[in-house]
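Colleague: What Swiss-Prot shows for this protein is this:
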type	residues	note
SIGNAL	1-19	signal peptide
CARBOHYD	22	N-linked glycosylation site
CARBOHYD	57	N-linked glycosylation site
CARBOHYD	83	N-linked glycosylation site
CARBOHYD	197	N-linked glycosylation site
CARBOHYD	210	N-linked glycosylation site
CARBOHYD	228	N-linked glycosylation site
CARBOHYD	235	N-linked glycosylation site
CARBOHYD	242	N-linked glycosylation site
CARBOHYD	268	N-linked glycosylation site
CARBOHYD	280	N-linked glycosylation site
CARBOHYD	305	N-linked glycosylation site
CARBOHYD	329	N-linked glycosylation site
MOD_RES	340	phosphoserine
COMPBIAS	362-402	compositional bias 'Low complexity'
REGION	362-411	region 'Disordered'
LIPID	407	GPI-anchor amidated glycine
């Protein structure tokens, strides 16, 4: 084994401190590998096979056909398996705890990785594993999970996790389903650019800080009550959204470019703390699932081909408002009444249907109502037409996968005031 630091007593103590070990028994010197060590052959791993605990960061790389860590139950440090072009399988079924990270990256023929007893790890990073089909753990505690650019068909190794900081699954083209026991996500939940018909179930999830879903076919959030920051559904093939337990979104709520979405039910949602955007959902003709929303802390934009928009409980919008339907059956009457009562507190109010247009520049008292035409502007000042600028929600990923996005959201148009708020919402989701 090629040690990067000599096994002096000082190095051993330093490695133990860095790993934060709480062992009450001394670790044999042969099991303390210094700050880090690299194994390039199974023979290197066999030298520590008699250890129940190793102290330090272990890297496995080089021309190994298969590799195994026998007997080791704990790594007080990180385990990295990296850039091994011939490694086809790896097993470490005795390991229960890794105090640092488990990193598996750039393993082009690795088909299986087994950590059958692993219950606790700080982070798991699985990136660029183009041949892997199985990954197993007994994971109970982890802070961060990133799975990107793999051929996994399922991620059952994470199915029993209750809490995480980050859960990011992207660009796994064969991944078609995932059922999670997560109850809270303290930073972000992101799912994007996976299989064509991906179905997700997060029915135990009660609280999350941020959620962004892209390229998903079906989603279930049976218990979700609060999203502390932003919630976005972008470029999905979802036929419906049912978040009937959700009562609050602390910042932005975006439902953008979901071409097959025909129903959105948010029947207990009362508060959106930032921008509220429903845009370019071509099959969403009746929008009646937001009838309990009372306050919107930013701008509101609803655009599409809808004939019904029920915001009957809305009392306050602290930004501007843009309602634009291509359907001549949509009526602006209720929204104009909302504006005349002073509920719209931003700098502009625009409401259009297929036949008429009403726009108000709220920094002045001018109001214009006119029949729409193919060439006429919605507002003589031009501010209202700027309010139709679309929201940017282009799909993004953290990997080098060549998979193309299933759809592209409109381009972000820089603007001030009302649209500045809308743009900020979109940028926050990227």
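Cβ coordinates are placed from backbone N, Cα and C, and glycine is handled just like the others.
Keep in mind the model is a prediction, meaning the values are calculated, not measured.
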Colleague: Enumerate same-chain residues with a sequence separation of six or more from residue 197 (N-linked glycosylation site) and a Cβ-Cβ distance below 8 A; give 'none' if the list is empty.
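Modeller: Those within reach of residue 197 (N-linked glycosylation site), by Cβ under 8 Å and sequence separation of 6 or more, are 176, 217, 237.
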Colleague: Select the closest residue to residue 280 (N-linked glycosylation site) from the following recorded positions, measuring between CA atoms: 83, 235, 242, 340.
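Modeller: Given the candidates 83, 235, 242, 340, the nearest one is 235.
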Colleague: Identify, in sequence order, the residues in the chain of residue 228 (N-linked glycosylation site) that are 6 or more apart from it along the sequence and have a CB within less than 8 Å of its CB; answer 'none' if there are none.
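Modeller: Listed in sequence order, they are 207, 208, 209, 210, 250, 251.
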Colleague: CA-CA, which of the recorded positions 268, 305, 329, 340 lies nearest residue 235 (N-linked glycosylation site)?
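Modeller: Going through 268, 305, 329, 340 one by one, the Cα closest to that of residue 235 (N-linked glycosylation site) is 305.
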Colleague: Out of 57, 305, 329, 340, point to the one nearest residue 242 (N-linked glycosylation site) in space (Cα versus Cα); all of them are recorded positions in the record.
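Modeller: Among 57, 305, 329, 340, 305.
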Colleague: I need the nearest neighbour of residue 340 (phosphoserine) among the glycosylation sites 57, 83, 329, using C-alpha distances.
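Modeller: Result for residue 340 (phosphoserine): the nearest of the glycosylation sites is 329.
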Colleague: Between the Cα atoms of residue 83 (N-linked glycosylation site) and residue 329 (N-linked glycosylation site), what distance do you get, rounded to the nearest Å?
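Modeller: Roughly 60 Å, rounded to the nearest whole number.
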